[in-house]
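A.B. asks: Here it is: the structure, laid out below.
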Amino acid sequence: MTRPVGVALLGAGTVGTGVLRILERHRERIAARAGGPLEVRRILVRSLDRHRPEVPASARLTTDSQAALDDPGVDLVVEVMGGEEPAQSLIRAALERGKHVVTANKSVLARAGGELLERYPQRLYFEASVAGGIPIIKPLQECLIANRLERVLGIVNGTTNYVLTRMDRAGLTFEQALAEAQAAGYAEADPTYDVDGLDAAHKLVILAMLAFEAPFGLDDVHVEGIGRVHPTDLAYAREFGYTVKLLAVARRHDAVELRVHPALVPRDHPLASVEGVTNAVFVEGDAVGPLMFYGAGAGSLPTASSVVADMVEAARRIRATGQEPNGRIFRDDRPPIRPPSEMVSRFYLRFRVVDRPGVLAEIAGAFGRHRVSIESMIQKGRGSEPVDLVFVTHPAREADLRLALDQIRGLDSVHDLASCMRVERGQEDA
Ligand SMILES: NC(=O)c1ccc[n+]([C@@H]2O[C@H](COP(=O)([O-])OP(=O)(O)OC[C@H]3O[C@@H](n4cnc5c(N)ncnc54)[C@H](OP(=O)(O)O)[C@@H]3O)[C@@H](O)[C@H]2O)c1
């Protein structure tokens, strides 16, 4: 009989338990596709006391990470414990020992992925690290290899997409929608990591490394969260024909732009229909055209679906010849990063102004002096004070927009700038 591929599973929480369930549920099919059985030999956890009905008879539970790595029968390490450390050290140790590693850990990949993928391009698998159950890593790494990719747009954080969907659909405030997400189990008690855009930034780094074949880091990403999005802005966005999404955007021309921020998306764009906790990644290739990958971005079985697929791929390679395939992920030349001040976008702007003749001309003048031209405008609330004056601009350099805004804020008739968001449209703006 073919020798089983020995597995050490680091973590048996939400994802790890899902992995064990799928391995049991599809044992024969998986063995057939992997060229022989997968045998989970060690499972690393923090506590041995908890009842864990999914643990198979072949596996030994342990709190000793070294014992899991030292087991000579372990060929494949599956890291689903999460967090920075000790996960990163364990992944490194396993790779250094020649083992194959599957991980769902976006933190480790966003911080150390550049180096790890340079050194171990053929033994590190991470389909579950971005958008949970959606296959996007392998498509970027392999299926789209014949394309030059100019732009990747992702809705890669379920919590913020749920909050924005509820604000849009039910007119809730940010605080109300977040409380609802927490009650439904879609948001953490401390939601900062999600609502401030950091989770999406980690995933964007991973997507960009594959799409543009170069190492990037979190410092390369411009990040804004959704905490300042107001239901009023969702209502104006609708009038202009848009909805608001927290987008992770990777774009390149001569330089690469990496940014996470709330953005107005046209209602007829495929990403506008991605609602609730669902995730999606929209990719444009020069050969294939636009593609959208859509589905469950988290959850035990969806995420485990990606992890197990990686395990099968790893098992095949382990069995193949013992020799790693060639092929690098990164090119030799890393493109420069464009600073936010040089980024060019359309902008949505909501001012609160005094309702008197000439205000519009004053604001339009300041825009004009700094080469910001206006595409459309809405004025609401005549008579009441202050009134909203809302603009969508044509593409403008952010540094120019900032200068115009400084001047506009100084006008007597302008109460404040209540909102400023980017507008992300089709390829014509890219
Ligand atoms: N949950 C999702 O939907 C999802 C989606 C995509 C990606 N991911 C990623 O998948 C990974 C796992 O997430 P999860 O939701 O499954 O986490 P989780 O439910 O908190 O489970 C973590 C598991 O790892 C074990 N563990 C954690 N730290 C440990 C340590 N220092 N030593 C030994 N064992 C340790 C825990 O042991 P105990 O059981 O003893 O506590 C637990 O079994 C994370 O990187 C996460 O970002 C998760």
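Glycine too: its Cβ is placed from the backbone N, Cα and C atoms.
Caution: TrEMBL annotation is automatic and unverified by curators.
If you look up TrEMBL, you'll see LEU10, GLY11, ALA12, GLY13, THR14, VAL15, GLY16, THR17 marked as NADP(+) binding site. The NADPH binding site annotation in TrEMBL covers LYS106. Annotated L-homoserine binding site per TrEMBL: GLU188, in sequence order. Per TrEMBL, active site, proton donor is recorded for LYS203. Summarising the annotation, TrEMBL assigns domain 'ACT' to 348-422.
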A.B. asks: Can you tell me the CA-to-CA distance separating THR17 (NADP(+) binding site) and LYS106 (NADPH binding site), as a whole number of Å?
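C.D. replies: Between the alpha carbons of THR17 (NADP(+) binding site) and LYS106 (NADPH binding site) there are 19 Å.
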A.B. asks: Other residues near the NADP(+) site, CB within 8 A of the CB centroid of LEU10, GLY11, ALA12, GLY13, THR14, VAL15, GLY16, THR17?
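C.D. replies: Apart from LEU10, GLY11, ALA12, GLY13, THR14, VAL15, GLY16, THR17, the close residues are LEU9, GLY18, VAL19, VAL80, MET81.
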A.B. asks: Using Cβ-Cβ distances, find the residues under 8 Å from LEU10 (NADP(+) binding site) that belong to the same chain and are at least 6 apart in sequence, listing them in sequence order.
C.D. replies: GLY16, LEU44, SER65, ALA68, VAL77, VAL78, GLU79, VAL80, MET81, ALA87, LEU90
A.B. asks: For ligand 1, pick out the recorded positions LEU10, THR14, VAL15, THR17, GLU188, LYS203 that have a CB under 6 angstroms away from one of its atoms.
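C.D. replies: Within range of ligand 1: THR14, VAL15.
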A.B. asks: Per DSSP, what is the helix/strand/coil residue tally across the domain 'ACT' (348-422)?
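C.D. replies: Computed counts for the domain 'ACT' (348-422) are 23 helix, 31 strand, 21 coil.
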A.B. asks: Rounded to the nearest angstrom, how far is the Cα of the residue listed as 'NADPH binding site' from the Cα of VAL15 (NADP(+) binding site)?
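C.D. replies: Checking the Cα atoms of VAL15 (NADP(+) binding site) and the residue listed as 'NADPH binding site' gives a distance of 14 Å.
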A.B. asks: Which one is it: of the binding-site residues GLY11, GLY13, THR14, LYS106, GLU188, whose Cα lies the shortest distance from the Cα of the residue listed as 'active site, proton donor'?
C.D. replies: LYS106
A.B. asks: Of these binding-site residues, GLY11, GLY13, which scores lowest on Cβ atoms within 10 Å?
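C.D. replies: The binding-site residues GLY11, GLY13 were compared, and GLY13 has the fewest Cβ atoms within 10 Å.
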A.B. asks: At a 10 Å cut-off from the C-beta of THR14 (NADP(+) binding site), count the other C-beta atoms across all protein chains.
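C.D. replies: I get 16 for this one.
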A.B. asks: Please give me the CB contact count at 10 A for GLU188 (L-homoserine binding site), counting all chains in the structure.
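C.D. replies: For GLU188 (L-homoserine binding site), the 10 Å Cβ neighbour count is 13.
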A.B. asks: Near ALA12 (NADP(+) binding site), which residues of its own chain have a C-beta under 8 A away, given they sit six or more steps off in sequence?
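C.D. replies: Counting only residues 6 or more apart in sequence, the Cβ neighbours of ALA12 (NADP(+) binding site) under 8 Å are LEU20, ILE43, LEU44, VAL45, ARG52, GLU54, VAL55, LEU61, VAL80.
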A.B. asks: Can you check which residues sit near the residue listed as 'NADPH binding site', meaning Cβ under 8 Å from its Cβ, same chain, 6 or more apart in sequence, and list them in order?
C.D. replies: SER129, VAL130, ASP199, HIS202, LYS203, ILE206
A.B. asks: Let me know how many other Cβ atoms fall within 10 Å of the Cβ of LYS203 (active site, proton donor).
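C.D. replies: There are 24 such Cβ atoms around LYS203 (active site, proton donor).
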A.B. asks: Do me a favour and check the Cα-Cα span between GLY13 (NADP(+) binding site) and the residue listed as 'L-homoserine binding site'; whole Å is fine.
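C.D. replies: Rounded to a whole number, the Cα-Cα distance is 16 Å.
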